[in-house]
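Notes to accompany the following structure.
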Amino acid sequence: MDQEQQSILLESASRFPPQKGVKLSYGTAGFRADASVLSAAVFRVGILAALRSLKTQSVTGVMITASHNQVSDNGVKIVDPSGGMLTQEWEPFADALVNAVDAEELVRLVIAFQEKEKIAFARTQSAGILLGRDTRPSGDFLLEAAKQGINSIVGAVASDMGILTTPQLHWMVQMRNKGKMASESDYYEQLSSSFRCLLDLIPKEATTYKIEKNLVVDGANGVGGEKLEFLKKSLNDLVIEVRNSGKKDEGILNDGVGADFVQKEKVAPRGFGPDDIGTRCASLDGDADRLVYFCLKSKNGNEIDLIDGDKILSLFALFIKEQLSILNKEENEEKNGYHVTLGVVQTAYANGASTDYLKKQGLEVVFTPTGVKYLHEKASHYDIGIYFEANGHGTILLSESFTNLLEVKNNELASIAKGSEQHRAALRLLALSKLINQAVGDALSGLLLVEAIFQHMGWSIQVWMDLYHDLPSKQLKVKVADRKSIVTANAETVVIRPSGLQEAINSETAKFPRGRAFVRPSGTEDVVRVYAEATTQEAADSLANSVAQRVANFCTA
Ligand SMILES: CC(=O)N[C@H]1[C@@H](OP(=O)(O)O)O[C@H](CO)[C@@H](O)[C@@H]1O
Ligand SMILES: [Mg+2]
């Protein structure tokens, strides 16, 4: 790095001194904290995104959001050139950079990292970084900090894409690096045209079913509500009412609303009531990368039947299995010469009943630790990998070789069996690959796929709910002195430190038939999370409480 670059970096970094005593870690989904302490971190993430772009000679992204956290929090994460999360190999550097005590240490770290990674700094090199932010009031000044971080690397160019959902920014980065059209209107066009295409391919008999076309969506008072209001204008076959859309008088972001609230509390969000009984309802989270469905069931309260990520995954898996079997009809693998691998990825938070159900359908189910970066990676090993966290974050990945094969099949069938069910199955899978976000879980694209499959199957929401019945479960948070004192293994199902805690959890679990419990440090909040499930709600509550008590005892000892 030349002298001029060093002094630019030093000068700009000294304008963003870190808050004393604040230590941040990249966590499950980037850096998150109260917005007031984040300027320096966001500035430094800007530098990091520029370095990543220089290193890969591709476009990267910086998203400013704290998703489902309260409105006063904010956060920042990097979108890798693939459109996915920042490569895990760079996370230790991200941690070191963001926690550097002053500008001098920061410059030293950048020089050392640049040499290690052999990143060429030169005026001739160019780096492109797309910036997005959600609707939080702190987004504006944090975006400015990110821009200044990017501008302190010679050759790096920041493009402000405005207020976006997190998945929109991931999609844009992915598309840009594929050399495809990548504006926000291209995003809407791709979603609405592939949705229409799926509807046009609905089997004849299904068009006679009486499908409830009304859907009410809780926008969490965030960016997703506002974007859905726009998207729905191009969806004639669906009547979507958006509530908690983010308009000023409708309420506060994530306050008693949103997918995280609905999934964790298992109650209806604010703005929903007895009049909605019988209607299909959905809820997005604060940055619209999570989606859950629900149905109100109580006349006097806000009790709901929840349809979480596990059940959305099950719906997608059934549809894909059906299309694959139509496609492969009359053909055996040898003749086809290609065995399509279909895999389902879950985490320990997946309800045990969902895993049992998926396995009974003959699907391969694998587990990873919490966090999309792990699920996504695992899903990418299959021709079709479907991943979902129970909280509603997930998507379907289709490998390039599989989509190429689909294109070939489609062309072949178009000439020999145009309009046949086999041909239509190939077209459906191709439309699905365009509708479902290939970069990251996306509530808007997920919602359209659910709705399209619904019309395809001719289902009522009750049929979906009855696919299987969730085991009652309970989640709790425990505040401890140092949540990192808990270390887990086996996709977070077993505690290996502090020693003795796992045995204590085992002895609590053994008291309940079909009992299951695990604990792990949260990556987004300063708490230890406890999950328990059992055959009754009382048993799940009681198991969660006793495990939480054990955690508290072990972690203060
Ligand atoms: C139990 C739970 O819902 N955990 C969430 C939450 O992570 P934690 O590390 O549990 O705080 O936020 C992550 C980012 O949105 C999401 O990936 C994850 O599933
Ligand atoms: Mg989110």
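Yeah, the Cβs are placed from backbone N, Cα and C, and that goes for glycine too.
Here the structure is a predicted model, which means the values were calculated and not measured.
Record check: TrEMBL places D285, D287, D289 at the Mg(2+) site, and the matching candidate among S67, S72, S499, S507 is S67. In this record, substrate is bound by E389, A390, N391, R520, P521, S522, G523, T524, R529; the longest C-alpha to C-alpha distance in that set is 17 Å. Counting other CB atoms no more than 10 Å from each candidate's CB, the recorded positions S67, N391 peak at S67. Within the set of binding-site residues D285, D287, D289, P521, no residue has a CB atom less than 6 Å from any atom of ligand 1. Comparing the Cα of D289 (Mg(2+) binding site) with the Cα of every entry in S67, E389, N391, P521, R529, these being the recorded positions, the smallest distance points to S67. Close to ligand 2, meaning a Cβ under 6 Å from one of its atoms, are these of the recorded positions S67, D287, R529: S67, D287.
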